[in-house]
Every structure is written in structure tokens, then in C-alpha cells.
Amino acid sequence: NGAVPGERGKQDKSVKRGNWGNQIEFVLTSGGYAVGRGSVWRFPYLCYRNGGGAFMFPYFIMLVFCGIPLFFMELSFGQFASQGCLGVWRVSPMFKGVGYGMMVVSTYIGIYYNVVICIAFYYFFVSMTPVLPWTYCSNAWNTPDCAGVLDGNLSSRAAINLTRLLNATQKRTSPSEEYWRYRGEAGGWGRRCWQDPADAGCPPRRRYVLDLSDDIGNLGEVRLPLLGCLGVSWVVVFLCLIKGVKSSGKVVYFTAPFPYVVLTILFVRGITLEGALTGIMYYLTPQWDKILNAKVWGDAASQIFYSLGCAWGGLITMASYNKFHNNCYRDSIIISITNCATSVYAGFVIFSILGFMANHLGVDISKVADHGPGLAFVAYPEALTLLPISPLWSILFFFMLILLGLGTQFCLLETLVTAIVDEVGNEWIIRRKTFVTLGVAVVGFLLGVPLTTQAGIYWLLLMDNYAASFSLVVISCIMCVAIMYIYGHRNYFKDIEMMLGFPPPLFFQICWRFISPAIIFFILVFTVIQYRPISYNDYIYPTWAISIGFLMALSSVICIPIYAIYKVCRSEGDTLLERLKNATKASKDWGPALAEHRSGRYAPAFSSSTESHLEVQPLQPEKGRSEAAAASPVQGSNGSAHSQDSRL
């Protein structure tokens, strides 16, 4: 059961909060949390843009010196205290604002992340047709500039004309891009209407999936298909978390491994296509001169940091449901390496198909390569139309995106619910945790409705670029400093030794104290230096929208100084120095949650302040009742009663 030698009688379970059914559930859940959409639609693009195979070198360097150590720190932090992102800060109460900052970040990400899932749901549903809707240019939403790879006669002459159109005019838009952006009304937009939109016989010019407006401030109408899919995605997330980790731990047996099945199917299909090898070579061919470019190292560090989900609060929350003696050191290495290997593997899947598409069009692969929504909902769907039985491949691809998104969304929602339940902490709310989950899901759905409007994609990208960017770096850096230098690295190393049976390896001790904080600071500086105002295609965001983005980023960071000031003001002491000392000192109830694990300096001296936070369990519950009945109290010499059985 994960207990260390000499503790065979301990149950190592938390009846009050619950635990994972087994360690496989934890590994699958944490792996699904870390392996998200960024592994598919961001890493391959960064790799080919930053020197192909040469990018792998700084990428794995950052994984070893920053990714794995931070991952291990958060897992061990949550597992030792068996608390969510708020409760763990009993270690140094003044820094509880870090936990609130994690909650704010998880709220932002949870809102827009489910909108991405809902768009994947939409494409998944519309793919269930004999012909994919974005295959040809003969639809009502298409423009005169539309040039589909399957339109007309697929002779060499058509390919030459299409290549000329791509290289010379650069006005060609694909059917998938116009499907993503445009929608025609009844009767469609013929060439006459495009030339003279004011013609009385022409319907209003509109768009299809996004019904994209011309400005972020022009919300327009709610896209009802997307709203319905958003409701479906939130219902799925709620049902999977209806019993907390007990239900989500069973769901991940399917949601975590199945994306790898789909990736493998798409990979096998991709490498059999003409031009696939060219795409893969474009993805992997090293350009060693780019290693000396600071931007390459910055991109590698940022991708490692963001893809592993550090500072979101999810890792701490998931680890808090582990048994106390679980080997989270082993788990952190397995999950981190699996995440990075998945990113590399996804690159083969993406670029084999894009290489085939570039070969079919007769253009350089850089003309079809993209990232983010442009890859997931424009470039890759268009490439899928070239495959036989294209609806099948489209269904598999978007189902994979849905599962990758759900794996992350489960942890985001559970992070918020666990933080609320742990903070209140009484039996009433613990018994009604399902209703807390429902309430958070309903609020998340309502806050996501504006992202399904005609300007929704503008707001989604604004949140993606600002709400979870440099604020995560600041939160992670302060967490490292608080644990290593305020609480004390020696204390923390002893805690880990008490929990795992061995201290953290010397390499991790050095990384936690020096190397990882330095890399995090480098990421922060790099983010500031490389900052460019956000844009979407040709649309430049107005100043007021960018200001809102910065406010979203600051809203999570500002929690840290606000709570620190509040805590110092409420702490005991006659001078400011005394108040600071008391505010940063670990509270009396910091330590293992179960009384059976509190030994050494955590041996409980029960009082009203500590007893309420500890879960006391019999060492052998099956014998508890019978032995209690058999044991008769006798009168001691000091007049107090005690049991004949010293074990009780």
C-alpha cells in the first residue's frame, strides 16, 4: 500500500478526503493533465521554426534542469500535506496568496479551455458526413478567392495553376479556412454578390463556424451551435467529476491512453503517404546555428514550463489524493518524460500529413505549416480531405483533441473544487462536494458564453496569451523561494525523507535551490523582452483590449501581495519584524494530514486548533470495535482512567 518498512499496520488512507483507487489512476490523470493541446498544436511548430532537430537539445536540457524538478516539487508538496493549492500554504501562511493566484489562473484557463473543447466537439459532429463540409469551394460561404485542393480536375495542369495561384497572388484561401471563418445565408454568395454586396438580391455577408465579427468589441450574436457544444462539454466534465477523483480516476483509463491509439493510427497512415518523408525531414533536420540564438532557448524553456502545467495548482491538487508514502519522485520522472515524448511523437504525426499536403500542392511546407487554432481547425482538416475515407480520419483527429482537452479540464475543475472544499473543511461541505462541482461547472459555462459569440475567438486568444503567461512564471518563482528559503530547504528535505523514506537526490536539491529559480527568472525576462502585442491574422488588437489582457494577468499575481499584507496585519507581534516572522512561520497544523504519519517534530500536541485538521484513524479498523469492548478502564494512581490495552 505504499507504506515504508516498519509501518505495516498503517492504512495510509484518508477516509475524509478520499484517495486514488490505485497509483495507475494518479499517473494517468496527471499524464492527461500535462499532455494537452500544446503537445499537438504548439510544440511541432516551435520545433521546425527553431531549428528542427537542433531544438531538441535545449528542449531536453530545460526538461532536466527545470521541468522535472518543478514537477517533483509540486507533487511532493501536495502529497505531503494532503491539501489542495490553498491548504498547502500552512507551510508559510503569508504566501497563501500564491494558492489564490493558482485558483485565478485555473479559473481563466478552465473557462477558455472548454471553449476549445466545444469547437473540437463541433468539428467532431459535422465530420459525420459522407463528404467533409470543407472539402470543396462550392458552398454558400465560399468566396471567389477559394481554391480547394480537390476542386475541379486534379490533373497536373490544375496543380500547376494552383501552385501559380499560391506563389504569385498569395490570395488563395482554402475551403477549410473559409469554413472556419465565413458563412453564407440562404441562396449563398455567388460571384455577383461578392462583386456587388449592395445588390438587393444578395443576402447579408456572414460566416460559418465562428461567424467572425470585425472587432473584439463587436460581440454580435451567440453562435448557437457552439453554445450547444459548450453545454455538452461542461456536462461531460461534470459527469466525469461527479464523485471527485473516485469517478475521474476511472474515466482516465480511457481518456488518457486512447489519444495515443489515435496518434499511432494517424502516424501509420501518414508515413505511407507521398511526401510524408519530406515533411518529417523538415520537422527534424537540425539547424545547429540556431542553438546560439537566445530565442530558441527561451522558446524551449517556455514550452517545457507551460506544457507540464506547473503553477496551475493542478499538480498539487492531484498529488494531495495520493497515499502519504507514494513514490511521487518516480511518478514525476515518468509523467514528465512521457509528456515530452508525446510532444515529439505528435510532431511526426502532424508533419507527415502536412508534408503530403505540401507535396500535393507543389509548394514548400512552410506555406501549409501553422500552429494553434490555425493548425487544429484549418491546416490539418484540409490535409485530411486528401485522404481516402476522410470523414473517418477527421472523426479520429477531433476525438483525440477532445480527449486531450478533457484530461486537462478534469484537473482544472478539480483544482477549484478541492481548494473550496479544503478551505471550508467542515463535514457539511465535504458531503456536498458534488453540488460544489455542479456550481463551479455552471459558473464556468456561463462565463464561457461570451466566447461563443462572433467575437469569441478574439477573447479566447486574448485570455490564452495573457491570463496564463508571465503570471505563471511569477507564481512559480515565488513558490520556489517560499519553500526553499522561507520555510527552509533543510526542513523540506526532511519532510520528503519522512514521506518517501529517502531524501531528494542531490541533483534535485541543487536545482530547487539555484538552477530552477534561475531558469524561471530567465523565462520571465525572456517573456518581457520578446513581448509583442497580440494579433489574430491581420487583425490588430486595440489598446483597450490589450489593457484588459494585462489586467487579467495581474489579477492572479496581485493576490500574493494583497494576502501577504493582510496576513502580516493580522499576525501577532509588537513590531513589523515580529509580525513578519509570525506570518511566515509554519502553522501548527502544517504537516501530514493523518495523525498516524505525524511523528518527530510533527508529533501532535492536541488542542482545539490542531485537532480539527487532523484525521485520526485506528491502526487496525477491523479490530477496533472488538478490542474497545474487551478493554475495561482501570483507575490509575493519579485518579485518571486508562485502558488495560496499551495499543488503544
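Cβ coordinates are placed from backbone N, Cα and C, and glycine is handled just like the others.
Automated prediction, rather than curation, is the source of TrEMBL annotations.
Of the listed cysteines (C118, C146), only C146 is recorded by TrEMBL as the disulfide partner of C137.
When each of the listed stretches 257-284, 392-413, 434-460, 466-486 is scored by C-beta pairs under 8 angstroms to the transmembrane segment (304-321), 466-486 comes out highest. Apart from G32, A34, V35, S307, N339, L404, the residues listed for Na(+), the same chain places the Cβ atoms of G31, Y33, G36, G38, S39, L308, G309, T338, T342, G407, T408 within 8 Å of the centroid of those Cβ atoms. Only pairs six or more apart in sequence are counted, and the transmembrane segment (392-413) with the transmembrane segment (98-125) gives three or more Cβ pairs under 8 Å, enough to call it a contact. In sequence order, G31, A34, V35, S39, S307, L308 make up the list of same-chain residues 6 or more apart from N339 (Na(+) binding site) whose Cβ falls under 8 Å from its Cβ.
Highest Cβ contact count with the transmembrane segment (434-460) among the listed stretches 98-125, 333-358, 466-486, 506-529, 541-566 falls to 98-125 (criterion: pairs under 8 Å). In this view, G32 (Na(+) binding site) is surrounded by 26 other Cβ atoms within 10 Å of its Cβ, with every protein chain counted.
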